[in-house]
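Shown next, in structure tokens, is the structure this report addresses.
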């Protein structure tokens, strides 16, 4: 039947589009001193080389932020058959209603702020542990949420870089934002919220 053929085709295409980096056949530090391993910042600090340490900070913020943000993003997504898109219940659902008025108002706020990000960045639902309230924030590029405040804990992070949506949505970020809620893993967000705000 057509549905089965469509599913098989989709599985084959997905397999063609899956890429992984190969494992190195040698240790990460084996190419030193020509190519150094990951300890440049530690070395600069140990030597008291403030100039090198400062130069490395932007690369660490960008690349480290990208790693942190995407690690959260993958946990924020779930297929619909695994609970993706199911609205939160319990304390997080109650907090959303208290701080934003309703889930619909939260989604509208996040969609508007995410669509308004100039260039690339992220839109976040976070809990401010000091103020004990939910907030929506945006960050530019790969800046992690902590750059907006040390008391902010990310619950939901949505990647609004074009690479996150271009193949399916072209440059229509609002359509991507409208649809991503169908696969948001509120169970994960609720677990983080309950851990941070028992």
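Residue numbers in this text run from 1 along the chain shown.
Cβ from N, Cα, C; glycine included.
Residues annotated as domain 'Manganese/iron superoxide dismutase N-terminal' in TrEMBL: 37-78. Among the features that TrEMBL reports, Mn(2+) binding site is placed at 70, 159, 163. For 89-191, the entry in TrEMBL reads domain 'Manganese/iron superoxide dismutase C-terminal'.
By a simple count of nearby Cβ atoms, those within 10 Å, the most crowded of the binding-site residues 70, 159 is 159.
Within the model, the domain 'Manganese/iron superoxide dismutase C-terminal' (89-191) carries an average pLDDT of 92.
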